Ligand code: HEC
Ligand code: HEC
Ligand code: HEC
């Protein structure tokens, strides 16, 4: 009987909850789901629109700001050396707040504490540019986020949020990105949701955007209440996603459809 | 939560404030035999609703909609739904598919309880109205193979 079959399936699925994550050999960046011309756009620095933000970020890196009259470069020197691999470790544990902070928040904490400047708003051109410039220095580096044992409870919290069903459509991130990543949602490839390329240029946005912007879009998509930018929940999700992508290569600034 | 369905008829009385707009319905076996509105739906309106993005159906499903460029493949093809299921069975699948398969990803289109963190725009409202569900049921029932 079809109906009893459905119940048996339901029980099997319940039994499988908490199943293993995608093994490293099967982890696929959103890049691998793209059409050849979009891949070329990402690969070619002269065609990648994200490079405009990276170049702007380099200018800001060297510009003195506010009361302290210090540029990022005055403390950190040449970013190609000092920022190499840094983005591949974020979000990281912040001693001052006892919580994980993402790369944008880390940059803003330098602005407040070391430059005596006001924090840059999330998704502002300046913050995206500085983040893209710093993240670019990790291009090709393997993601290492989550190695710090102090982060463990926050990774666990992020995973819980990732599994939780929410919103009017009552879906969890895992329903799409773990269970259906080989399928299509209204024609769009559903990927494994690895945050390897942020901040990235999305053709749909016609702009660079942060990982938090992407997460808010998925949360609104399932008709749940999107958390405010900078909310602990978004940082915990970022942390879980990055630690879930451990070993994958950083691609910022990536391009996505 | 599956036993009541097997047990036969169950009267669902939506509780308290937010659910006040939902009409009550009776589940028999794996079906809701009676129309939610007491009237038959309109199949032409139902088709228009199914392909409309805001109804969300073809985000996941595909079906006999050659004019629709973007259809999903997370769920069964809707072609021939009316040959496989009765109107009552289709109605329960739309109203609350999770009663038949607790792990389904198909949203419950006529339910407001048991949900988490629903956005303010959508809070306290079912995804579709009773009238819209009846129109879609009428359309799906007309899909024969
Ligand atoms: C006056 C000195 C100073 C300035 C100016 C400064 N920083 Fe920093 N930055 C630091 C120090 C010191 C640290 C180490 C952590 C701490 O104590 O805050 C740090 C840490 C960082 C980190 C984290 C590195 C890691 O390994 O985790 C990043 C990223 C960063 N800074 C980016 C920037 C950017 C971008 C700017 C300019 C907007 C900037 N910093 C301006 C002193 C500075
Ligand atoms: C109904 C399906 C669905 C749900 C549920 C969903 N997403 Fe997505 N997600 C998508 C689609 C479609 C895209 C766009 C295609 C792509 O880039 O993966 C996307 C994109 C992403 C990306 C960008 C991947 C990249 O390569 O840049 C991340 C990260 C992501 N989602 C995380 C999440 C998280 C975290 C949740 C839960 C809060 C979630 N998603 C819920 C469908 C979904
Ligand atoms: C997020 C994905 C999703 C959405 C949105 C969705 N469905 Fe489904 N639907 C499914 C899945 C998956 C099944 C398979 C049965 C199960 O999982 O319980 C299904 C099963 C069905 C069935 C039974 C199919 C069969 O022949 O076995 C019908 C009919 C149906 N859906 C109609 C609809 C209609 C109409 C809408 C929109 C009002 C809709 N669905 C929206 C995922 C979805």
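Cβ coordinates are placed from backbone N, Cα and C, and glycine is handled just like the others.
Database features (TrEMBL):
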DOMAIN    A:52-245  domain 'Cytochrome c'
BINDING   A:72, A:75, A:76, A:110  heme c 1 binding site
BINDING   A:173, A:176, A:177, A:218  heme c 2 binding site
BINDING   A:214  substrate binding site
ACT_SITE  A:218  active site, cysteine persulfide intermediate
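All features noted in TrEMBL, drawn onto the structure.
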residue	record	Cβ neighbours (10 Å)
A:72	heme c 1 binding site	26
A:75	heme c 1 binding site	12
A:76	heme c 1 binding site	16
A:110	heme c 1 binding site	16
A:173	heme c 2 binding site	22
A:176	heme c 2 binding site	21
A:177	heme c 2 binding site	19
A:214	substrate binding site	22
A:218	heme c 2 binding site	17
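Of the residues the record lists as binding heme c 1, namely A:72, A:75, A:76, A:110, the two whose Cα atoms sit farthest apart are 11 Å from each other.
Residue pair residue A:173 (heme c 2 binding site) / residue A:75 (heme c 1 binding site) shows a Cα separation of 40 Å. The record gives A:72, A:75, A:76, A:110 for heme c 1. Within 8 Å of the mean position of their Cβ atoms, the other Cβ atoms in that chain belong to A:61, A:70, A:71, A:73, A:74, A:114, A:115. Note: the CA-CA distance between residue A:110 (heme c 1 binding site) and the residue listed as 'substrate binding site' rounds to 25 Å. Among the binding-site residues A:173, A:176, A:177, A:214, no residue has its Cβ under 6 Å from any atom of ligand 1.
For residue A:76 (heme c 1 binding site), the nearest of the binding-site residues by C-alpha distance turns out to be A:214; the candidates were A:176, A:177, A:214, A:218. Cα spacing between residue A:218 (heme c 2 binding site) and residue A:72 (heme c 1 binding site): 33 Å, rounded to the nearest whole number. Spanning the listed heme c 2 site, residues A:173, A:176, A:177, A:218 have a farthest Cα to Cα distance of 11 Å. Note on proximity: among A:176, A:177, A:214, the binding-site residues of the record, the Cα nearest residue A:75 (heme c 1 binding site) is that of A:214. Report note: the heme c 2 site is defined by A:173, A:176, A:177, A:218, and the residues of the same chain whose CB lies within 8 Å of the CB centroid of those residues, excluding them, are A:162, A:171, A:172, A:174, A:175, A:190, A:193. Ligand 2 lies under 6 Å from the Cβ of none of the binding-site residues A:72, A:75, A:76, A:110. Look at residue A:176 (heme c 2 binding site): DSSP puts it in a helix. Computed over the domain 'Cytochrome c' (A:52-245), the whole-number mean pLDDT of the model equals 97. For the pair residue A:176 (heme c 2 binding site) and residue A:214 (substrate binding site), the Cα-Cα distance reads 15 Å.
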